[in-house]
Structure formats: structure tokens, C-alpha cells
């Protein structure tokens, strides 16, 4: 029976299954219908196939005029040819006796001499073509509307008007819509030619834009609709000259609401007038329309908008905006786009047997939504018990009979049009039975269960087949007195019961049962007459139920009395439920309305009503939904937070109130803020409802403000949050990098908690937005807590007693987290563990513990190898002492950089105790941690190690290079730029190249150096009206980066004042910028006259100072003891530094230090000098040592805020610190050799202190021996066994006296003479006099000493100087004083030479 049932369901697709169906037809008379396809085949039966029968052409809507002829086309295809007839308004036309209407050979309808009058309109109406094929069926076409244009009637006519030249004018001529196509215009009674300037709107109105004198004249419109033409009134149009005064904008024609069908064209009229002449633009739904580039949108003359080939997307509100620069006006209109009915699924042909149920499917779309009706053989199908409309559009036919054969058509119709689609139904004869015994009639058919709407039938097997395991059964039933019989089949072979559903109450049905075997259907049982039970008379649904909100907490529901009350209605029960919940509530109501109170605000509820009579509850109504009215929010916004951005702004963040408390659509938020000190002065600002943050700017520096936020609905403002305070910064802090490490971290362990306290980072110039506290047993990565930046302590709760915790503290800001600070602590033991032990012993169930975690690796170190490679090493305490891995454990290394903050970790596995991390970014701080895994066990992450990769030369040029002329100085330009995106280190300077020839070799370009990280530079005294080309190159400590692309700039033609002085001449390609050059901060040189005057003054003061020093020295000599003489003699015998010959030619002056009065030696620390005010400046030995500037400075020197080089970077100056009123700390080279070689002196145009340093502070040493300020941090220094002496200069007046430095204790300190050099002096004045100067040589055992830093603070008083000299041990005998005086005379000659230079 399963095979037979399957055959019934698979008939619809192939002829094979149809053939099987027909073979089993007598056994399964209720088999499912077969859809369109080939006809079923079986021996001895006549085959019927589906006949192609359809319309080739259907009539369309037509507009005609009185007296003309019309053809309504129609043509149908079929074999044999169909008979064509026509219906008008649903009635067949008798075309045989009609003189004016006749049927053409192809089936079209021809109407001659259309008749149309006010009271007689015989030809106007709806026409339909009907095609019939005898013995096959009938089909009908779509209906077509024939419209006959009426007599011309003017609803508006042109009126006299005037227009200013260049403006727009309109002349109205509106007729009935049918006649618009027949309207034309005349000017001075001559046909008016239309063009782009003169157009006719679809309504007939004439629009003239950009009026000229030729547009003046008499205008009238003419309607020619077949009869004599009808003329409107004539109106004169006057064109007036432009008055050159403004006039208000007015609309001459505004757009009006329009309805169009997809595919049609539409014109939205819009004409405005005013002076100046307005410009028209269009917007749709607040979006500007681009009429210039669109193919479908055209801006017509005067400003009207034409849309061709309208689509559904064109529907919306259109705004016409007229603007003439003085004022703006706008008008709007709605465009509605409709669509004709269109079939998404058409009915298909069906094969079926009698008594079967079938469904014709039909799915349509359109706008407005189409209605569907069904036609069978041209006649309307009226829904009944056996013909039903299901799923809105489908037709179901129950209990098929032979007369149901034919053509069925689905006709869809809306306001725009109609369409039809059809299918054929063929009723098949049952296939003849095959040879073999057929079953007899089933026995004992009874109705075992009878209800109001269903009946259950049971029976016994036929006598011919007592077992009946392979028999299937069909139950045929019909209403008593009805010939249409339906069938219901059993679901599986051997089943002997079936339930018939969807019956009518109190109705008599006739049932019979037939059995089928493999040979066919057997005998039918005797008819069984059964009457269904009468239905209890319950009320029907209450009609017209509706609900509306009365207030934010109440809704009123109304309804009417049920149409089928079936007796008196006793009461109603109103059910209601909040949308989204499943808890329904009810209330008894005796009337037809009820108001429910106490509902939630702005909440959607559903309602239904059930009527009750004496029999009980009736049928429920459909649910209706309505929302209560909105109200002000009942709660404040959530999670209000404040973020101080800088000294003048604070960012506010918040979240909306809880959904249940919003009570409506949040339309905005009200922010109120005030100074904490002035609580009465409150500022208010509003933001939109979708905004959840706001930046409050314009605040005062270092001021505490209070903030609160409230939510708004259309009903008003809800409650505000509590006041929350924040204080703006005293100054704008840096947030371009992460905070530094906190300055301290303290922990105090308790039993189950640890109190953590800390102090902020020492560098207060970097923004700290909070602190991240990490903690865990053995590793700090288990838990992380973030606290506010103001907080200085925190208690970590819920810890285990007697446990070793590692705690980390990091400061963070919006850039990321800084370097952590680590601390560990062991929580105190629990005072009483008996209770815990008892619990464990008595525990009824002890879970299986997880594998115990392994100890994390320790001693993680990061060794920097290059700019992109770091080696990570670690130790594993779970390994033997020799740290040899003998098992299958492996290590996972993870690393990341903290900038940006959201950078993800990268991981790699290793099987040894080290890993080489490659592919890193240059000059970037990375953090590393390691974990170990062995089988199922693994450790937590180790403590982190940090490493910063080495710098690399910049790999990209400076960005955004721009050149602008300085206002008021046309010969001066300002070059601006941005740092390179790939700086790969700290930028220490830039070089600007410029030339008038972009193709010149780069060594022929003029060079402008920029020291430090400035991003702007001035170049002066350029040639006017000349194109210049500029390139910029960045450098860091590793070298120069690539050059930027050349940027062209032409200096202005207008002459103006240049900068101060004149720019240095081009020194050629070999010119290199000196470090101590005389450029001013903006590149203009210092006046040489000023320098010479300053030099003369300083030398004069120096001479006076020297005389004072000599007098004091004589006084000190007399107090010298014999012990001091011996000591000095011993020192001289060792060093040989003060042995001079008697003649004046050989007398050399000792090392005399301008600015410096007394020197004392003390050891140099290995760490950099902690004094942030001083800068190490090495002095070259001779003129050959002087090399171009190298701005590569030690990184810690760069970070000193007040260092000399820091100022140099800020102001782009190359002068010594004397220009700034501060003195640099100088590196003094000393060696053990008596300098016999003369040194070339190259005084610069700088101030006298710098020149004096050049003259008196040079020493004789190989070029490789010059050392930079970075030598303090060098590895050679760390390896030296002894401290290096430092010469400190006590304060004095700049040119007060000279003194000889005290000799340090003898010792053999060594240093590497190959340390890098940062020269300070330049070769600017190579043509000056050459002086022979003997420099001080202080050393021991012939070993050279490293340069000695000279600290030069500000000068003290003379009394302090005298006291220092009195304490000195370096006194002279009278004969030695004579030699010293000779030295001083030699120095005076040098000073005179400098003065004359």
C-alpha cells in the first residue's frame, strides 16, 4: 500500500508516474492530480493531451475622440482556430446587426465614427475579448478601457501678465485631462514653436524662461480634438527691462501630488520669479538630485523636473528650492508610483481523476495590491463548499466531477490595470483492471466516532481476502442529495479505519468503502448514512474590535455585539498581554468597551475579546495591538563617566536609561555642568538621542567641574544623574606615548586580601588615565583590575591564605599601558584550619582535581640583537640544575607592543630555553612572556621581560611638505612638513634642499639644516618671482632617510622686506653646516658688527680681570709654605708640565680658561651626569678634527628637558650656550705629552665666550681620540677599573681671572681612544691668524686620560673667589711668578690678535 500511496503523490512530474497512476487508477480513485506534462499512457485507452490555447494579442486601454475610428486588437491561438467574440461592460456584443462595430478577420474589434455626447456615450466603456473552442473550453482576455475625449472645456485660461527680462513667465491653459494631448499654443495667432526655453507642461500650461523682448505678444491656446478647434481667451505678455533692483521670490507654479505607473514619464512643475533671477534645484527625501549626470532626470526650462521611465524607487517627497542669493523658498510634492498586476506564479495544467481534490496556484504582485478572481470557461467561479479560495489567491476544487473539465483563468486587477493567466484541467478515465481476482466489498462498515465536524469510520477485510495485509482502501463520501463525491484514502496497506475531517454540523453524509489490490479496485460496500452531531450554539467573534491609548498607563478597548450571538450574550471577557511575554491576563466586562489602567509606559500590549452565552465562551477575536503613550523617562542615564582630555576639555560618556524606564523614544540628552566652586552658575547643552558622548570644551585650566546628564522624550526631561566631578589638567599633558613606570609599589598582605598602594610616575607630563593591577599565584596575569588615575591604593579581596601572589602595576592612557612594576607577597596563614579539614573529610563527593599547573619559566630576559630581532632566554625551575630538557615539554613565547593599546599577542613555540623573535619594528618597546606545556599540564605566563629594538635609518621621507610665503616678507618662505611615517627612531634633525633647477645634481642644491624635531623652518632672501624646488630629508642616530618628492613654489612678484640681515651665500656642494654656526633661530645670520663689538667689550673686561688675578696671586705666593713648595716640585718632576725655558720665545702660557676661575677634579660616575642643566660638549684637538655637525646625541641627553641641546632643538640654533645666558659643560682632553705642535685657531663670529673656548681650550690629540658626550655610557667606560676625574669649575664672573687646575692624585685610568666624536667648533674663518697655544697636559706615567667634563654654573661674588684662591694649594715662588707673568703677556698678545680679527 505504501507503493500505491507513493504513486498517488508522484503523478505530477513525469509520464512514467502518470502511467503507473492509471494502472492503479481503479485501486486508487483518489490519487493526486497530475500537473502539466505529457498525458498518461496505458493500453487500450484514448489519450488526451493538453491543448495550447492562449491569446497572442490582448486589447489595451485606448483614448479616442468623437467621430474618429478605433481598433481594439485581439488575437488568440489554438488548434482548431478559436471563435472570437467581444463583451462590453460584461455583456456580449451583437456584431452581426451593428453598423459601426465589426469583427476583423484576426479577431480585433473595429469601431467607426465614435459616438460621444453629454447624454449618449455608447462606445465608451470596458471591452473584453472572448475566445472559444468547441469541446475544449473558453478563455477571456484582460479588460481594456476605451475613453472618448469629451467636449473641450477650459478650467483656466491665459491672463495678461508682465515679466522682467531674464525672468520666467507662465500662461495657464488647463482643459479636461483627456484633451491635454490635443492642446497647442499660438503667439500673435501664429503657431508657437516650442524649444528648450519655451515648453508646455503636461497640464497644458506654457512656461517661458529667460524672457526676451521677442516673447512679448498675444498668446492663446487651441484645442483640436477632431471637431472644429476651440480657442481660449487671448492674453498679452509684456516683457519689461531689468529694473536692477531686487524683488521677493515667488512661485509662479508649484509641484502638486502626482500618481504615475511604472514605465511612464512624469513632470514635476516648478517655476519661480524674482530679482536677481533665482536658480532652481531639487531634492528628494532630503537628498540633493544630480540632474546633470543622470540620464533619467532632466531639469526643464524654468526649473521643472522631468523623470523618464519611472520606477518604484522614484516614489517619495520632492522639494523644489529656489535661491537667488538673497532669499530661498521651497515647495514640495509627493510622487506615488503604482505598478500593474504581475504574475509571480501562474496556474499550471492539471491531470486528475473524478472525486479528487485539486488546487490551482496563482501568485500576483502589484501596487496597489491586486484583487484576484477566477474564471472557468469564461464564467466567474463563485466560491462554495467545493470551490474555495485558499491562501488568498489559490483556487481549490473538491470532489472533482467530469463537468469540472475546462480552462481556468486567474484574473488580477487593481486601479492601474488587469492581467490574466490560465491553465487547463483534464479529467481522466480510470485505467482498465488487469486480469486477476478483485477484492469483494469490505464488511461491517460502521461510524465508530461521530462528532460535529468529523466522523471516524472502521470496517473489516473483504470476505475474498480475510487477511487483507496488502489491501488499500478508499472511502467515498458526499452530502445527501449532492452528486459531487469526494474520496479519502487510507494511509498504509492493511489499515481499516479513516477519519473524515471538515464536515458540517447536523448534516447527513453518505459513505462507501472500496478495497484495492494489485489487479484493481473491488466492489463497493453498501452506502452508510451518518448524521454529524449538532454544534453547540456558541457566540461568534465580536466584530470591529479596536483599541487606543488614553494615557501612558491606560488603554481603552471597544468592540461590537457578535453577528452570530446564538442566544443572549451574558458577558465578555477581555484578555490582554504585554508584547514579548507569555502571561495573559483577563477581566470580565459587561459592556462593549473597557479601559485598562496600571499598564507600563510606552509598552505594546495585545488585546482580544471572547463573548459568553449560556453555552459558554464563543470564538475569540483576532488580537489587536496598541502601545501606551510615552512619558518622561523615569530613570536617569546609566554609567556616566568623565574623561579629562586636556586642560580645557572633558569628554562625557553615558548609556541610555534602562529600556523599562525610558517611557518613550529618547529624543535627546540634556547635559548640565558647573564649576565645583560656583554651584549656582550652571551651563546647559543638548545633544541628539543617538549620541552617547559629548566633548565639553572651553573650560578653565586646573578647575574642578561637576556634570550631570538627563534623558529627554517628546514629553519632557527625566531625572538627572548624580553630580560627577572631574578636574581639568593644569597644563596640556602629553598623550602621544604610554605613561612611564609608577615610581613605587607597596603591598601589605593579610589573610585573604592584599592592600596595594603606589605612587604615580615621576614624569608628570604624560597623561595617566588609570592604573591596571594584575595579580595571581605565581604569575600576575590571572586577574586584572583597573582603577581611576586619582586612586593610590586598592585592596585585592578573596585571596587564598598562605599563598604566594605576584602583583603587577601599570599606568595606562588612551595610547596603551606602560611598563609594569612587580611586587610579590605571601598571604598570612589561616588562624584555624580544623573547620576546613573537617569539611574535606566529611565531603560526600570530592571532584577529580585538574592536573596541577606547572611552574612558569623564570628569569625571562630579552637581548636586543638588531633593529628587528630580539633573543628571549629563560630558565625552567622544574628542570634539573643543568637545565637539560629530556621530556616532551615545549615552551610558548608570546610578545606584543603596547602601542597601540589593542595590539594582539603573537605566539611561537620552542623546545629549547631560548627563542629568536624576528620581524619586529625598529625602535619599538616589546614585552615578552613565556609559558611551559607538558602533556595536559601547562603553566601560567611568566613575568614579562621588556626590550626595545635598535633604531634604524628612516625608511620613508617626511610627509606633507608645504611651502608658503611669509606675510609681509615676500623674500622669505616658510617650509612646513610632517615627520616620516617610518621614522624608525627619534628624529634628530632634518635637511632642507632647495634649488631653482629640479633636475640639478643633488650636490648642487642649497642645504638648510634643521636641528631637532622641529616641523617648520624659514628661508630668507630668496629671489622674487622665481620658481624654487624643495626636498626634505630626515635623520636619526642611525643616519639619513630618503628624500621627499620635490615641491615647487614660486616666490611672489611683489617686493617686500626680507628678514633681518641677508642669507649666507651659496657655499657650493662641499659646504656642510657647522654645529656652532651663527644662524639665528629662523635661519638669518647674526650681524658681524654686533659680534665684534661684543668681542671688544669682553676682551677689555678680561684684561682688567687678569690684572686683578696677578695682584691676588702675589698675595697668595707670600703665604706659601715650604711643604707646599716640595709638593708642587714633586708634581712637576713627574709631569714635566711646567718646565719652561727662560727666553720669551719659548715661554708658553699655561692652560687659561676664560669664564673659569678655579678647577677641581673629582671622579666621574659611570652613570650619566644627573645634573639636567649641563651638557657634555667635546673640544676638538686641532683644526683637522673639526668635522661637520653630527646631531646624533645620546638618548638620555635628549631627554633632559633643560639641556643645552634641548634648547638647540627647540630654536634651531647653532650658537653656544653663552647666547642663552647659560654655560655648557665642556669635555677637556688631557694627555701626558707636552703639546709641542701649534694648533690652528678658527674663531667664529659667535659671542666671546665661545671664541675664547675655541682659543684656549684646544688640546693636541689624534683625531680618533676625540670623544662625544655619550662616552659616559660606553662599554669601555664600564670596563675601566678606576673612576675618571671630572674638572668642575667654581662659579665666577665670565672674564674675572685665570687659574691653574689642581693636580689630581696620580692613577692609571684608561679609556678607549676610538670613541666617537661630536665636534663643536667649525671652520668658518680659515683666513684668520694662527696662534701657537700650549695646552695643559696633566697625566701619569705617560698614559692618556679621557676628556674631563667642565661644569660651568653661574658666577659667584668676588669674595667667594678670593676665598677659593686662598684655599688653593697651587702657589708660586717669585721666580716662577715671573715666568707666569711672561705667560700672561703671551696670552695678552693672543687676545689682541683676536680683537683685531
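The backbone N, Cα and C atoms fix where each Cβ goes, glycine too.
What TrEMBL says about this one:
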type	residues	note
COMPBIAS	1076-1086	compositional bias 'Polar residues'
COMPBIAS	1180-1195	compositional bias 'Polar residues'
COMPBIAS	1233-1258	compositional bias 'Polar residues'
COMPBIAS	1266-1285	compositional bias 'Polar residues'
COMPBIAS	1302-1311	compositional bias 'Pro residues'
DOMAIN	52-147	domain 'Ig-like'
DOMAIN	152-238	domain 'Ig-like'
DOMAIN	243-336	domain 'Ig-like'
DOMAIN	341-426	domain 'Ig-like'
DOMAIN	441-535	domain 'Fibronectin type-III'
DOMAIN	541-631	domain 'Fibronectin type-III'
DOMAIN	636-731	domain 'Fibronectin type-III'
DOMAIN	741-831	domain 'Fibronectin type-III'
DOMAIN	856-952	domain 'Fibronectin type-III'
DOMAIN	957-1054	domain 'Fibronectin type-III'
REGION	1049-1086	region 'Disordered'
REGION	1123-1149	region 'Disordered'
REGION	1163-1195	region 'Disordered'
REGION	1224-1315	region 'Disordered'
SIGNAL	1-33	signal peptide
TRANSMEM	1093-1117	transmembrane segment
Exercise. What are the helix, strand and coil residue counts for the domain 'Ig-like' (52-147) according to DSSP?
Worked result: 0 helix, 50 strand, 46 coil
Seminar exercise, completed: Over the domain 'Fibronectin type-III' (957-1054) the mean pLDDT stands at 91
For this session: Counting only CB pairs under 8 A, let me know which of 52-147, 152-238, 957-1054 has the most with the domain 'Ig-like' (341-426).
Result: 52-147
Exercise. Using DSSP, what's the helix, strand and coil tally for the domain 'Fibronectin type-III' (856-952)?
Worked result: 0 helix, 47 strand, 50 coil
Seminar exercise, completed: DSSP composition of the domain 'Ig-like' (152-238), residue counts helix/strand/coil, works out to 9 helix, 38 strand, 40 coil
